[in-house]
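J.: Here you go, one structure.
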Amino acid sequence: SVIFIQDFSQAMSQAGSSQFQEVIRQELEYSMKVELDKILATAHSNEIEHTKKDLEGFKKLFHRFLQEKGPSVDWGKIQRPPEDSIQPYEKIKARGLPDNIASVLNKLVVVKLNGGLGTSMGCKGPKSLIGVRNENTFLDLTVQQIEHLNKSYNTDVPLVLMNSFNTDDDTKKILQKYSHSRVKIYTFNQSRYPRINKETLLPIAKDVSYSGENTECWYPPGHGDIYASFYNSGLLDNLIAEGKEYIFVSNIDNLGATVDLYILNHLMNPPNGKRCEFVMEVTNKTRADVKGGTLTQYENKLRLVEIAQVPKAHVDEFKSVSKFKIFNTNNLWIALSAIKRLQEKNAIDMEIIVNPKTLDGGLNVIQLETAVGAAIKSFENSLGINVPRSRFLPVKTTSDLLLVMSNLYSLNAGSLTMSEKREFPTVPLVKLGSSFTKVQDYLRRFESIPDMLELDHLTVSGDVTFGKNVSLKGTVIIIANHGDRIDIPAGALLENKIVSGNLRILDH
């Protein structure tokens, strides 16, 4: 869970006079500078340049962290966005496509956020290398999608991966396998920032190395880092020089985030002649999405408000599906020239997210992060587009993995589409228990993925395995109590059933 600056600001308010607070702030900044200089002094000559850039960036973030007054947005200023600031996708699609769609596509770059590890699903290495469908990984599917575009329209849409120091080496090794595909692939690295001790607010790292026992001392500072690190890498300028105009950014684990030609056309050929610099795809909230960030009108700008910024008294209101009907999918379309302009003016303003962590040894640290969508308020002429739910298909858990591996979806040229045989377009609610958390355990428990076309709800808890060709329909709840085991036999049909106890053979 993520919190905004509370402990520190409470301490400040208790400290009394603003003069005294300013003295404390200056002391903290000075101590931080001293520690960072010591760390920089341990860098080899070939590391100095990029380490310096990283630590400069961190210093700016730390300065803002000390200046900010606390977590909350001013709830009284939050307004519903004006009617035309969030457009329905149907309206954008209704405009159709121009004949020269290839020339529009040639202005696009696809960027995938690839900094995350697969640890939450029990995997080592980059999350993008987990197999999701027919032996294909997230990265395979992404490359297939873009290759299909480039072949279909005879275009040159490149793929850019934003890696972190955690994923860079493994990703680069795997990229060799795409050397003959029709997609140019570039990578750049997120910054590497020092974790700080929650009590002292000083870095826990003593030198620049980030291997061995030092791995816990550093972190990638959230996907809001894309603007600075993309710019610093030189890749932004190169792409602008090649005539590229927009990036489409999304999480690599969102299998619904494919290039949408209608949205791209809307950006390149706006109906009112005025181009948007930033488009955020939003989609309607369901009960499962109460925590997602939402778009609001705030001080005459579109602004992304995350749950962590909401004053405690208003959290329930924020979660309500009736007042805030949409949430951010993190599928974003951003003008390259605008990123360059704002980055050069140091004018990209993103709220700081304070992410508390407890290290293996029990030490409490915090890491300062930012979110890519929070920058929407810094861009001119921003727009939300309310897209179908199918464009938001994130795979965060093995429960999500079960859905995308099943016959609910068919795979075509790297894109998943909901099967036409499913009568209603919503996805079933699936909750797999802790015995399924790790991918290898999950795979061991399914001899084959069940037929789920008519499933509404599945809950599985305890030591449960599924034989081949099982069918699940309606609401199915399977609970093996502690010490019990349930084996669902091959060919079983479970329709609106609750199974519990200790069953090796199920009567069906």
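Think of each number as a place in line: the chain as shown, counted from 1.
Just so you know, glycine gets a Cβ as well, placed from its N, Cα and C.
The UTP binding site feature in TrEMBL is assigned to Lys127, Gln190, Gly222, Asp253, Lys396. Look at TrEMBL and you will find His223 tagged as substrate binding site.
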J.: Judged by the number of other CB atoms within 10 angstroms, which among Gln190, Gly222 is the least packed of the binding-site residues?
T.: Gly222
J.: Sort the binding-site residues Lys127, Gln190, Asp253, Lys396 by C-alpha distance from His223 (substrate binding site) and give me just the closest.
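T.: When the Cα distances are compared, Gln190 comes out closest.
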J.: If you draw a 10 Å sphere on the Cβ of Lys396 (UTP binding site), how many other Cβ atoms land inside?
T.: 14
J.: With an 8 Å cut-off on Cβ-Cβ distance and a minimum sequence separation of at least 6, pull the same-chain contacts of Lys127 (UTP binding site), or say none.
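T.: Spatial neighbours, sequence-distant, of Lys127 (UTP binding site): Gly116, Leu117, Gly118, Met121, Phe138, Thr167, Ile252, Asp253.
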